[in-house]
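A quick write-up on the structure given underneath.
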Amino acid sequence: MLQNLLQSCEFNNTDHRTNLNGIDRLIVRRGQPFSISLYLRSGSYQPGVSSLDCVAETGPQPSEQYGTRASFGLSASIDTSRWSAAVASPPGDMVALLICSAPDAPIGRYTLTLGHSARIEFILLFNPWCPGDAVYMDNEQNLAEYVLAQDGIIFRGAYKHPIPTPWNFGQFESGILDVCLKILDMNPKYLRNPGKDCSGRRNPIYVSRVLSAMVNCNDDKGVLWGKWSGGYEGGVSPMLWRGSVEILRNWDTQACQPVRYGQCWVFAAVACSISRALGIPCRVVTNYLSAHDTNSNLVIERYVNENGEPIQSKEMIWNYHCWVENWMTRPDLKPDFHGWQAYDPTPQEKSEGVFCCGPIPVRAIKEGELTFKYDAPFVFAEVNADVITFIKKKDGSTSKVSSNALVGQKISTKSVGSDAREDITHLYKYPEGSAEEREAFKKADHQNKLLQQQQDQGLHLNIKVTSDMRKGCDFDVFAVVTNNTQSEKKCRLLFGSCALSYNGFMGGNCGFKDLLNVELSPGGERKVPLRLNYSKYGGQVTEDNLIRLAALLLDYTTGDTTLAVRNIVLDNPEIKVRVSSKICDKIQTSGILGEPKENRKLNCCFSIEGANLTGGGIITERLGSPVGPGEDAKVKIYFTPTHSGLRKLVVDFDSNKLCHVKGYRNVIIGK
């Protein structure tokens, strides 16, 4: 019979780095031995004489053919390359038994049968600490960041103004691992053929592809319902989520009905939480100016009207787009494509009939290997697509417009061990104009990029901004026209602005100017201001705080048209979080918000969430009185941490009128 099972769970879970999931049940990682103690009711264990039959099974239809059932006996020593068992104690009626799973065993819930009577249930996870596991990562600092860290930073905003957003991944919060395993069990492949699906769970490529489909709900009982326009009635605005825990728990408790609503960074963050919970190293990546190519020709065709206003189309450039990278080997591809694999749970285009994307080696994107699995052309276009802009005239005719559109800028992720932004663009792209870049484009048959020549325009058009673009304030933006020719120029300049959502959808007008006679001497420059008044843009901008600026220049002499576009992000007030007192079992915090921007008092509330601090829940406190211009907003919240160590408080300030802004503060919880 089994002895001291709880003590065994505590020892094994700590040894396998799963103790943050709890120590009341056995959770181990594959390819690494764990120990259990057996009390023999009759006789004693004798080496070379005693035997023990062991059977490990997972899934509803365990089969040795599928690798979901393993039978093995006692060996002289543990063999970490396969299922094995060995005795680690001297002869006697108490036996310390070592069990080791194969490093490529399917992950999931297991039943281990020992002899005729003893049965143990445990959960088996991927093991990035095991050299034989496909997700092996040999850097302890990276493992601490990409597997064990329960909080992080997701970058949003704009490529010229990245904004860090704190996120509570919470993969070790109570019940989250069970929800993640349930997500695997609800995927259509499991429902069609559970035996084959459970067998596929040995492969992180397969699991990542399943997660890519299951985090969205477009084809199945997935986790999140995506919504990018209109209101968020019947759900929660994507802007208001602070972490993955509440989303995953809501999906679980609501009979696997999709949680409303998500957008790209929410999809990516939830996928990251699940990957880390299952033991796959994972990180969230942000691609600024991310192209959405719908026909796989690696070209984005954009249209504007005669006022320079964009005409909405399916192909667009998102202000930013988030996906995730999982770390693993790719034995299905030729060598040297192991490591980070991009996959995207945001439902954009179908892959093999399902809304999913990836995984595809990041290096395959850099090298232009578009035949590699999975979905290489779509991801390649996100960071490398060519952009061609046309002006559509009232008579229906179109003409090409000179434009300086960029794609795939400042690809970003959180740095290891700090909240700083790490630029990983070089992992996806060679430097622009380099011989390596041209070779990658040739391999990808990206002829548009190869043939595109940036000629020195006779007239140069640029948009410049100031540093004080704050929500609630009036400010100027500028269209700058330069005449690089030897002759005088007379032009028409249309300079407009409109609200913009992060995925490229345009909203209402925020300001417009039409100058019929802009005269420029040879080598001359003209700086044209456009005033953006809060009274006009305040009711148009979305929670993304984005405004699209577009300047269209018509040369009366040549008939040439030049377009300049720039997206700006408005700053919200900065929130500062201060820990005012700290005790071993309680923490008192106060948040201070500076510079309210409206000349009226606002009703405000603070919400706080933190891994192993708030039990996966959210603590909300509404301020007793409204906050006026220049006043500080303060709140004190008490909570009880469940583990010692470094923790990140994710704090929200929400005025429900002017802005919604996240802040964060790292704190150290003592034992």
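Glycine is no exception: its Cβ is also placed from the backbone N, Cα and C atoms.
Going by TrEMBL, these are the annotated features:
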- Cys264: active site (ACT_SITE)
- His321: active site (ACT_SITE)
- Asp344: active site (ACT_SITE)
- Asn384, Asp386, Glu432, Glu437: Ca(2+) binding site (BINDING)
- 256-347: domain 'Transglutaminase-like' (DOMAIN)
Subject >> Cβ contacts of His321 (active site) (under 8 Å, same chain, 6 or more positions away) >> reply: Cys264, Thr286, Asn287, Ser290, His292, Thr346, Glu382, Asn503
Original post:
Of all the binding-site residues here, Asp386, Glu432, which one's CB has the most other CB atoms within 10 A?
Top reply: Asp386
Original post:
What are the non-local neighbours of Asp344 (active site), defined as same-chain residues 6+ apart in sequence with CB under 8 A from its CB?
Top reply: Ser212, Phe267, Ala268, Trp323, Val324, Cys356, Cys357, Gly358, Val379
Original post:
So for Glu437 (Ca(2+) binding site), how many other CB atoms are inside 10 Å of its CB?
Top reply: 19
Original post:
Cys264, Asn384: which of these recorded positions has the sparsest Cβ neighbourhood within 10 Å?
Top reply: Asn384
**OP:** Count the residues of the domain 'Transglutaminase-like' (256-347) that DSSP assigns to helix (H, G, I), to strand (E, B) and to coil, and report the three numbers in that order.
**Re:** 15 helix, 41 strand, 36 coil
